[in-house]
Amino acid sequence: MSFVVAAPEVVVAAASDLAGIGSAIGAANAAAAVPTMGVLAAGADEVSAAVADLFGAHAQAYQALSAQAALFHEQFVHAMTAGAGAYAGAEAADAAALDVLNGPFQALFGRPLIGDGANGAPGQPGGPGGLLYGNGGNGGNGGIGQPGGAGGDAGLIGNGGNGGIGGPGATGLAGGAGGVGGLLFGDGGNGGAGGLGTGPVGATGGIGGPGGAAVGLFGHGGAGGAGGLGKAGFAGGAGGTGGTGGLLYGNGGNGGNVPSGAADGGAGGDARLIGNGGDGGSVGAAPTGIGNGGNGGNGGWLYGDGGSGGSTLQGFSDGGTGGNAGMFGDGGNGGFSFFDGNGGDGGTGGTLIGNGGDGGNSVQTDGFLRGHGGDGGNAVGLIGNGGAGGAGSAGTGVFAPGGGSGGNGGNGALLVGNGGAGGSGGPTQIPSVAVPVTGAGGTGGNGGTAGLIGNGGNGGAAGVSGDGTPGTGGNGGYAQLIGDGGDGGPGDSGGPGGSGGTGGTLAGQNGSPGG
């Protein structure tokens, strides 16, 4: 590590550049001296002579000023060069003194008092940072058949080292865990990515390493490592979990993603007192298997939003659930599901003030009774609105698929808050030669209930039907004391609309039924 602010080699290089600039300017001044100082008169008259003398006087004044500037420039370059030498000497002296100080601590505890830990050899852990100050070393990347090395831990102040990447193998090797941050200040290190699966059978990717925790008062948790890639036709490895944030302040780390699907994304790390939860890891697509999005981490106990749930492109897999907020904050949104899976539910809002997170959408389904939108999160405190329900999936397959139902809206807070709107039901496709019979449009989600003061959420609209049973709209949420009931969602093609929610008992109107 550098023991002074200045970098001597940079200062020396700058001084050399300045010297070169000075030489170029000096050469240009010398070349201009003769023609400018010896200007001939245009004629023999007195006016021409006076003009020539004026130009010559200006040239002489310029040359005198240039000489002074060149002297200052030379002195400045000498000062920079001398300063660089002084910095280098001071750094060498400090390093020597620090080596003497670190020696006993290294011998007794296996780590210096001040200084960064060494990076690990292939597959080996990084060295710990100094007891007083210093970052942990990075774990070494794994070779063939080797897991990634864990990142080194920090001491009192410093960041944990990053975990190494897992090595390739018949089954990919795990990535190394991120090191923990300093006991006072410092972030956790990121987990290493999982290794590549290369074997002929069961060649799945390695799991990502977990992110390091910020165990001190201040710091962010490290991100989980990405899952490794599987061989063609095989699943990837699961994503690593995110690390927790610092005791007083810090966000949880994000969960690791899964690029090739068929394994779950990593869960986001939790915050502790103040901070946001980490987002859950997202999942790519693979030919077979299940791969759900990671759940979002919870927000800080005092203040912080929940992390968003991870999304998934993998078939028959669900989006991750959003994390819950603490005392103040909003719940995280649920992740979406792309094919034959349900959207993730939204997280709950703060226990005092905060909104529920929105439910995740479901994009399409092949008719396997899945593909529902996630429910909106409830506002569980005194003030806050419920989250909106996610939209149901569109029916696109050949098994008489119906659209997925929309998610229900979350309830409003106990005192003041509106109910969340229900998600719309998914549509079905138009009958064709390939798909002669289609299912019903998805049912709209119900609107959420309001708090003592607030409006009920509107019901979701039914999905458009092909030749199946017309879809039904969702019911509107009801108000409690003061507020209007939510409107019912409209049905499709003559299908029943949802009922309107009742208005408040003290003041408010009933919601309109869906058409």
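Along the chain as shown, the residues are counted starting at 1.
Placed from the backbone N, Cα and C atoms, the Cβ positions cover glycine too.
Of all ranges given (289-308, 349-368), Swiss-Prot attaches the label region 'Disordered' to 349-368. Range 199-219 is the one annotated as transmembrane segment, of 199-219, 220-240, 430-450 (source: Swiss-Prot). The feature transmembrane segment, as given by Swiss-Prot for the ranges 39-59, 60-80, 165-185, sits at 165-185.
Non-local neighbours of the transmembrane segment (165-185) in the same chain are 123, 125-126, 128-129, 136, 139, 141-159, 191-219, 222-223, 225-226, 228-230, 237, 240, 243, 246; each lies 6+ residues outside the stretch with a CB under 8 Å from one of its CB atoms. The list of residues near the region 'Disordered' (349-368) in space but at least 6 beyond its ends in sequence, with Cβ under 8 angstroms from a Cβ of it, reads 299, 305-306, 308-309, 311, 316, 319-320, 322, 325-343, 374-404, 407-408, 410-411, 413, 417, 420, 423, 426, 439. For the transmembrane segment (199-219), same-chain residues at least 6 beyond its ends with a Cβ under 8 Å from one of its own Cβ atoms are 147-148, 150-151, 153, 159-160, 163, 166, 169-193, 225-231, 234-250, 253-254, 256, 260, 262-263, 266, 269.
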